Amino acid sequence: MYNSLMLCAKLESTTREGFNIQTENFSVITELIKNPRLKGKDLELMFNISRRQLGYRIQKINTWLTEQNLPTIERTSQGFFIVDDAIKHFLNVYIEPLPQENEQVYTACQRAHLILLMLFKEDEVLSLNHFSIDLKISKNTVLNDLKQLKSLLEPYNIILKYSRQKGYHLKGNEFEIRKLLTNLIDKAYTLNILNHDVFGILGLRKEKLQIIDTQINKIEQYLQNNFIDESTQTLRYKLYFIIRRIQHNKIVSPFSIGYDDLSDTEEYRATEILTTNYSDIPRQEKLFITLQLLSTSVQWSELDDSTFLPELKVALQTMLDQFEKITFITFKDRETLLNQLMFHMKPAFYRIRYQLSDVESLQNTLKDDYKELFHLVKLSSKPMEKILRQPLPDNEIAYLTIIIGGILRRQDEDIDKKVKAVVVCTQGTSISQLMLQELRSVFPEFIFLDALSLREFNHYTLDFDVVFSPMHIMTNKRLYITKTILTAKEKHQLRQHVFGQLNNTFDTDIHAQKMLAMIREHADIHNEDSLLNEIKQQFDEIHAYTSIESSSISLDYHLNLQDLLPINHIQLISHVKNIDEAIRVAAKPLYNQHYIDANYIDSMIQYFDATYMVINQNIAIPHAENEQNVNRTSMSMLVLDEPLTLKTGLDVNVFVIIAATDKFKHLRPLLQLRDLAQDAEMVQNMIQTDSKSQVLEVIKHFSIIE
């Protein structure tokens, strides 16, 4: 201890920095001397510092070493550090004996996980000595490890406590402690530390594990399935530790798990196989064990899953519909794909619902290697949110990406070969989403990745080929400047212009020739050239035509225009003085029902822009980006007898307030409102009537999807 203090003082006395910084630098250099196998990542975890901070400390240490006429610390291409023997002798640091050739050496990350797992031994009061002896490290290293692992406990609101009577132990909600346990075991498997070498460290008894293995085999036979190898390995340890917790009277709360969610499953009945050897297992513990069985991935199953969570199957079917619309790809063997997705999502459903797993290794790899496909699957996964009651986690999306990617490869579909486009619009979420849907209908062959603000576009990381925008922007990709809302003629012209430049693979000529050949087989043709030209024109018009079915990627399948514009949201009055009054009056029904607050109304007035917040020159759509001031997705309508002249010179009689809690829920009603605005006769009918019921009938007419 005296030597260490003297060395710290020696480091401090030769530099201008304060004592605290020098002590930290001394700790770094002594760890490097004691453990030459340490890499930068280990030091970052050990001292809770960033890569840049570590580099700064090494630089300071090397400066000090140079001042002492000592060799500097070097770093190998593999990430290890080389500390010259002269430094070791000068600092007189005690070096722990190197492990034997076949002896396991654990990294800081592995040690942190092992220490946490050791805390589940239950039958031993753990002190620093236990960790030091079992892991063959110094007490100082143990103390550093204990500091680092506290960050692993924070997400679970669990505290690491110490007392002489109990030693080191975990304190927190038992269900959260169990979640930590299951995640530790999953992570320990990927870190390659669940092996026979740790049986003694963790107090594992081989004969008890063998009994659990036998019971797992019986459960597989009962359920007529086969757990995948990795899941079987982790399941045996999870069950072992869970039973140990129960035997030490550490029981989960009865309110942590929904009985109705799990009690009617075959897996719940299968828990009897596991618990027959143990008396007085509480019902909530049987439910927790059921959760482990339900959330364990299977390799194959002979049971028909069609009766299991039918709403999950519907959500997956809708997700595939979304993917096909976005990508213009049709899955040839959709039933096989759906079964594969169900196969994965059944255990994933419970993992996500009860937050049992946070493994991210797949997610990170896929985000780099298949980021566009990953992004498209993520865009399509919105229908899953309703059944899961939360967004689908990225690590689960990664697995779905693998499954969908495999099917695409088998049918020779290559996402990378398709034209990928983005929409850049500074006119707010509603307008940019409307523009995105318009362009998707005009160019169904393209993959539209996103509708972006200019700021989002400047930081966008996905690969794309084409940009559509109502304004000029700086980009090295092909840019097409277009209006936010297009007439049928403008869509046709834009399509012809884009394809003329891109030389797109969708070849109208080829399709027209095939159609002509079919007609030739069954009928006499008097003028082939004329017929061929008409067929080409029809193909162009079909692809330029827009409809709700082709363009909408509606992410809430229950909302139509009439749902957001009931009769009590409609107002008919004579006139208003100005746009401010129009917005305030139009917003009254939503404000009175607390769907929006006063700040949202003020924002709509402040940011109203008649250059783009008017659809087809006859319906104004005031809205704002302040989602935090919107409590419910909603709309309200104001119809004026006398038109209000806007700054652009447009005379507008109809104002529709749009309030959205997110980018998607109001999208289909907005598209239906667009269709209404394009029907001048219907708009006039609303203006000329003095009956709110007749206005509602017009709204209902455009709420129907054929």
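The backbone N, Cα and C atoms fix where each Cβ goes, glycine too.
Whatever TrEMBL says is automated annotation, not expert-curated.
Straight from TrEMBL, the features:
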{"type": "DOMAIN", "residues": "203-303", "note": "domain 'PRD'"}
{"type": "DOMAIN", "residues": "307-414", "note": "domain 'PRD'"}
{"type": "DOMAIN", "residues": "419-506", "note": "domain 'PTS EIIB type-2'"}
{"type": "DOMAIN", "residues": "563-702", "note": "domain 'PTS EIIA type-2'"}
Key: For the domain 'PTS EIIA type-2' (563-702), mean pLDDT (0 to 100)   = 90
Query = Would you list the DSSP helix, strand and coil counts for the residues of the domain 'PRD' (203-303)?
reply = 63 helix, 7 strand, 31 coil
Key: Helix, strand and coil counts within the domain 'PTS EIIB type-2' (419-506) (DSSP)   = 34 helix, 19 strand, 35 coil
Query = Using DSSP, how many residues in the domain 'PRD' (307-414) fall into helix, strand and coil?
reply = 80 helix, 0 strand, 28 coil
